[in-house]
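Under the heading compositional bias 'Low complexity', TrEMBL lists 406-416. Sequence annotations record features per position, and here TrEMBL assigns domain 'Ig-like' to 26-97. Among the features that TrEMBL reports, domain 'Fibronectin type-III' is placed at 213-310. What TrEMBL records for 308-342, 399-439 is region 'Disordered'. Residues or ranges marked as signal peptide by TrEMBL: 1-24. Among the features that TrEMBL reports, transmembrane segment is placed at 369-392.
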Amino acid sequence: MARPPGPPLPRLLPALLLAAAAAALPRRPCAPAGLPPDTVLGRPGANVTLSCRGEGLANDTVSWELETRRGRRLAQGDALPLRGLQRDDAGRYSCRAGGRPLRTLRLLVQDPPEVPRVSCYRRSHDRDVLCEWPLRQKPAPGTQATLFTAENATEQQCRYFSKVQKFVCRLKVPPGVDDNKPLVVSTCVRNGAGSAAGEDKIITLSGVLKPDPPLNVTVRALERWPQRLRVAWAYPSSWDPRFYWLRFQVRYRPEPARTFTEVDQVTQTSLDIADAWRGTRHVVQVRAQEEFGHGAWSEWSREAVGTPWTDPRDLASEPGPFSSQFPAEDGTDGYGATLPPELFGAEPAEEAADGGLAEAGGRSGAAPYTFLMAGGSLLLGIALFVGIVVRYRRTRRAGGRRGAKADGAGQHALVPLAPPSPGSPLSETPLLPPAAAPPAPGPFHVTNLDYFFSGK
């Protein structure tokens, strides 16, 4: 089996050179913070013994005064044992002998700092780079965190935010810096119990772009569109769209469902959802990325909800979300057959102008058009029926007159009258001869109905 080809060498070469350059840079030392004099360090759970040693204490009674988070208290003895240290045991411990102070010790109860796992991002092209890492627990008092860049040999102090339990460092970006220039970032955290250095991170200004989530996400129904929702949002305040644009990704789901449907490559700040469930509330979220795909996607926006338009006349018998008594929004009947556009109402003109995404078209006259077609067909059928009846009657009358004329000619034919014989009575001599039999139909004789249907 042939081995698939690896990445081309031109793509690997910059990464290899960048790694070699990062390895050649001098690493910033990350030493623990020095402890001041008369400071005793103990870790949580450990045992510590404090001693108040001095000259002339053999016959004097030694007492201790403890100032800790637990309050003030007294103890006796030259040695003060502390078992199972807790963070509340940290504080000042003063010893006295014969009423005069001898020594004051400061006890620190803390763990070494956590190893920082740094992630950097830039909210827009004209902002500084922010590097941060989360903590599992609150850092000990006196913990210091710094960020160092070897390229410009600058060191930035980091700040701890207790609300989100993160250290955040700000890396200043001078104007005119190439966005594709690599930067090596080092972090160091130190306190009295030790220090921890994070791994060197190689970044580029364009690669750490991460916009803030879109703002003001709204979802509204479109009148006379029971399966459509219009989603609109705004650019984040930290991104200036006059110089660089964003592309967006929208995801939505009906509330009974758990999975989202995603729509990519959205370049405008509004979108029409054409396959929403009828009468069901939907949850919609939007996120953003730099228009050319540099950097990472933002976090998802806050959830926005909306329900498609419902005809008030259908509230009493509203169909389910998959009812087949209504055509689909894409112009098909649900089985792939395209339906005529007259069956779909057009969107109002004011909605078509909003956002530039609404479909063009005027108000549909589907119902009047159907009634006009049915009425016209009925009238045309009646007119054809009346015409056939009138023509049939006229043809029948004309045929009756021709038949009557032929019969009269046979009845009124003149015949010679012979004088009656002398011996016959007068009544035996007919005044008129018997009527002649109707002539046999010839090859050119047709009946009235044959004449009518012949079309002559």
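The backbone N, Cα and C atoms fix where each Cβ goes, and this holds for glycine too.
Mapped onto DSSP helix, strand and coil, the domain 'Fibronectin type-III' (213-310) counts 0 helix, 49 strand, 49 coil. Summarising model confidence by region, the domain 'Fibronectin type-III' (213-310) averages a pLDDT of 95. Here the domain 'Ig-like' (26-97) has, by DSSP, the following mix of helix, strand and coil residues: 3 helix, 32 strand, 37 coil.
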